[in-house]
Amino acid sequence: MAEGEGPIIELRQRKKPKSSENKESAKEEKINDTPVPERAPKHVLFQRFAKIFIGCLAAVTSGMMYALYLSAYHERKFWFSNRQELEREITFQGASAIYYSYYKDMLKAPSFERGVYELTHNNKTISLKTINAVQQMSLYPELIASVLYQATGSHEIIEPVYFYIGIVFGLQGIYVTALFVTSWLMSGTWLAGMLTVAWFIINRVDTTRIEYSIPLRENWALPYFACQVAALTGYLKSNLNTYGERFCYLMMSASTYTFMMMWEYSHYLLFLQAISLFLLDSFSLEQSDKVHEVYRIYIFSLFLGYLLQFENSALLVSPLLSLVVALMLAKCLQLNVKKGTFVAKIMKVINFYLVCTLTVTLNIIMKMFVPHKENGHMLKFLEVKFGLNMTKNFTMNWLLCQESLQTPSQDFFLRLTQSSLLPFYILVLIICFLSMMQVIFRRMNGKSLKETVTLEDGQIGERPEIIYHVIHTILLGSLAMVIEGLKYLWTPYVCMLAAFGVCSPELWMTLFKWLRLRTVHPVLLALILSMAVPTIIGLSLWKEFFPRLMTELTELQEFYDPDTVELMTWIKRQAPVAAVFAGSPQLMGAIKLCTGWMVTSLPLYNDDDLLKRNENIYQIYSKRSAEDIYKILTSYKANYLIVEDAICNEVGTMRGCRVKDLLDIANGHVVCEEGDKLTYSKYGRFCHEVKINYSPYVNYFTRVYWNRSYFVYKINTVISFQS
């Protein structure tokens, strides 16, 4: 009976077809009616194979060479091979020290299961606080690295630190390879990939933070996002065969989930990508089914990540989940009407409004019913950043003073211009954007478009992958113009888009069609320029920047910090194992890594409690009494206090951004009126006063060690306080 019902159902569907189904049926009939093309000649197949082989070889070689370059540069900068283990560990600064310390802890654990348990129930890092370090700090890279190090028998061949940084450098090579492939897929020539890599390396100060902080989460995560973007680019192409679609879909699924596991902020970047795909879906109806397949990947990754990240509620209340669910609901409610009519235009507006409203509503509902930690400090920071609010809060003002959270400087744009990247990016973006808008207006007016766009058509904005990348780079660029730290998300794709454009004959043909070029055959000129322009750019970059890169590898730099080495050595030799140290968060991260002793705070800024701790501990540089400082430190069970001379006598930073200035403002010890500062605190600055060794400071603190940079005080046991 089921076999007999099949044709009947098919006939009923064809009797009253929907517009989209009618279109798909027409396409299928056209494909079926089209005769099977003859097999290409052998020399053509050989040319295609040679082109793909050379391109893949160039992509892999580029990634390997970049990874080797990073390794050589790191060795020259820090003299890693000639240093003791303690000196190597000191090169990990800030949050990087914390990440690497947990990698060391995993290697010291008797078993993997025991190591994971100790990290998920960690009470040996922060005093009076038990944390799930794996969830809170996204330590999955360290878990994977420790497993690989022990499972592959690398402990017999290579030291743990070299294995760790080698993985990160290898991922950076994959990052570059993925950008190469993306540009190659878009332009059709691997020459674009070579130019992408060249621009990426030359502008690496603005494309990556790998040189400054190796273990950062973004250095582990962004290579997977680049792979996801490469797979998405191939998946969106109109002329992709079935096997290619399946491969891109699987690659996209794996890289999306891995990216989400590696970085706690990954879902925000995927949210921007989802917005880009939503706009693509609105403008390019042919890709609607593919876009919704990507939405399913998002949902699968979010829920799988929720389960494997210890039921991470941040993923459930993320704007990404709300947007994707809203898009799917809107898809179910969408009506099929004839394109180009007034009703169709009204339906587009209604659908857009419906998606926005549903997204906000769902996000509010999820936050009402799902227990989660609200990032209140981030919302307050954005309010102050955009001038919507004023505050004297130390943490907010300290964040505002961070260079990575400032607006981009002129030097940033100057560097991009000197390497010729910014001018070509702007040219390519303008041409692609105008072509995209031209296509959108044609579709809004109901004009039919060609199913296959040829080079002679000069309509580069009709390709769905181009529309996606234009929207995506505009969104990322808008954020980078507000917060400089986000330039590391935007600039790599600036390199990719600019290289694709100058190497794409379609882009030049689009420009010539607008200019109505008559004197020379436009197709021939477009092909010539797509080869000549990148060649000239490449030669000029080689001549100007290659000698600089070689000079960096030949120069011997030195990271010399004997005071910190002496401090760590003293702690390991003299301090009790159960001692708790208090000081600046950055120094506490180094102490945790180099000695393993417990600390009162960490250089992490995603937890309100840790931010409050950091502010309280920083009071040692404020104008408060010895009794107040003592009460703060003993409330966290601290046994030793470390005062840094560099913070206490800080000079030369941005006006009003020194730690002691921010503390004075927060504590009301400095009043700013028409540019005049009036100090009225009856206490001197604690970090200065405690060095003098007079009462009441000596009653609470006893100096036990000092050098040129650090002063260590033992916190005394005091029975009563004297006013």
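Here, residue 1 is simply the first one shown, and the rest follow in order.
In case you wondered, yes, glycine gets a Cβ from its N, Cα and C as well.
Owing to the predicted nature of the structure, the values given are computational and were not obtained by experimental measurement.
TrEMBL lists 18-32 with the feature compositional bias 'Basic and acidic residues'. Per TrEMBL, region 'Disordered' is recorded for 1-35. Per TrEMBL, the feature transmembrane segment maps to 52-73, 161-178, 184-202, 247-263, 316-337, 349-370, 422-441, 466-483, 489-511, 523-542.
Proximity of distant same-chain residues to the transmembrane segment (52-73), defined by a Cβ-Cβ separation under 8 Å and at least 6 residues beyond the stretch ends, is recorded for 165-166, 169-170, 172-177, 180-181, 184, 190, 193-194, 197, 201, 210-211, 549, 552-553. Through the fold, the transmembrane segment (349-370) approaches residues 278, 282, 313, 316-317, 319, 321-323, 325-327, 329-330, 333-334 of its own chain, all at least 6 residues removed from its boundaries and within a Cβ separation under 8 Å. Remote same-chain residues near the transmembrane segment (422-441) are listed as 283, 413, 416, 449, 459-462, 466-467, 469-470, 473-474, 494, 497-498, 500-502, 507, 510-511, 537 (criterion: CB distance under 8 Å, separation of at least six residues from the stretch ends). Among the listed stretches 184-202, 247-263, 466-483, 523-542, the one sharing the most Cβ pairs under 8 Å with the transmembrane segment (489-511) is 184-202.
Using a Cβ-Cβ cut-off under 8 Å and counting only residues 6 or more beyond its ends in the same chain, the transmembrane segment (161-178) has close neighbours at 59-60, 62-64, 66-67, 70-71, 74, 80, 85, 88-89, 100, 103, 145, 148-149, 154, 197, 200-201, 208, 210, 214-215, 219-220, 222-223, 226-227, 229-230, 492.
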